[in-house]
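Colleague: Taken from TrEMBL, the feature domain 'Thiamine phosphate synthase/TenI' applies to 10-193. Marked as 4-amino-2-methyl-5-(diphosphooxymethyl)pyrimidine binding site by TrEMBL: Gln39, Leu40, Arg41, Arg42, Lys43, Asn71, Ser110, Lys140. Residues or ranges marked as Mg(2+) binding site in TrEMBL: Asp72, Asp91.
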Amino acid sequence: MQNSKIPRGLYGITPEWDDIDKLIKAVYEASKGGMQILQLRRKKTSYDTIKKQAVELIKVCADLDVKLIINDFWKLALELGADGFHLGLEDCSIKDIEEKVKTGLIVGTSCYNDIERAKILVESGVDYIAFGAVFPSITKPLAPHVSLNILKTARSMININTPYSIVAIGGITVDKIPQIIESDIDNIAVINGLFESENIFNTAQKYSSAFNSTKKQNHDE
């Protein structure tokens, strides 16, 4: 069952840009094209830069009605009033996550292809779980492969009455969306395919349209 705190659709993840003006412009374009969620994910810069970008993006995303998730820095998300935070597989224990769920913010985490861990995390109260790489990814070339069957299993084996969302990530292009949607996921997460495209608005629109039309078609069937 999808978590109502997480809007379905395109989930953008920031590229490694220090230029905040460039990033804000890109976020506006992606939002106009249909992006519903943005994750501030920076792995190659200073904490001060991350904090400065977070301050600006919180204001921008509030204006655009886009959910802002901060990767790794959950205390920063709390301090600044972001919508939520994302924790990697190695970032904390299940017990730690259970405590962080109590913050009331959106809590997301990565599982790669670990179904059993996903089940435990959902029971711990996280709002969404990201599986990937569904396809080969230049961002995480060594990430475990996640088959479409794993996505289907994740949806079916976890308590249907538990409100959580499934996010697919890794090498997702517009033409691959129909086969992913068959797995009953809620969101597609994209970094380079969105923000490194020549026309971010058009690309976001294509992703969103493909996602929404395929979802509707599957629902009607």
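Positions of Cβ are set from backbone N, Cα and C atoms, glycine also.
A TrEMBL annotation is a machine prediction, not a hand-curated record.
Burial and contacts for the listed features, if you can.
Modeller: Take the CB of Gln39 (4-amino-2-methyl-5-(diphosphooxymethyl)pyrimidine binding site) and look out to 10 A: across all protein chains shown you find 22 other CB atoms.
A coil conformation is recorded for Asp91 (Mg(2+) binding site) in the three-state DSSP classification, outside any helix or strand.
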Colleague: Determine the minimum-neighbour residue: among Arg41, Arg42, Lys43, Lys140, listed as binding-site residues, which Cβ has the fewest other Cβ atoms within 10 angstroms?
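Modeller: Looking at the binding-site residues Arg41, Arg42, Lys43, Lys140, the Cβ with the fewest others within 10 Å is that of Lys43.
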Colleague: Run through the Cβ atoms and count how many others sit within 10 Å of the one on Asn71 (4-amino-2-methyl-5-(diphosphooxymethyl)pyrimidine binding site).
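Modeller: I count 21 other Cβ atoms within 10 Å of it.
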Colleague: Whole-number Å only: compute the distance from the Cα of Asp91 (Mg(2+) binding site) to the Cα of Ser110 (4-amino-2-methyl-5-(diphosphooxymethyl)pyrimidine binding site).
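Modeller: Asp91 (Mg(2+) binding site) and Ser110 (4-amino-2-methyl-5-(diphosphooxymethyl)pyrimidine binding site) have their Cα atoms 10 Å apart.
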Colleague: When you measure from the Cβ of Asp72 (Mg(2+) binding site), how many other Cβ atoms are you left with inside 10 Å?
Modeller: 18
Colleague: Suppose you look only at the domain 'Thiamine phosphate synthase/TenI' (10-193); what would the mean pLDDT be?
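Modeller: Mean pLDDT for the domain 'Thiamine phosphate synthase/TenI' (10-193): 92.
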Colleague: Please give me the binding-site residues out of Arg41, Arg42, Ser110, Lys140 that lie within 10 Å of Asp72 (Mg(2+) binding site), comparing Cα atoms only.
Modeller: Arg41, Arg42
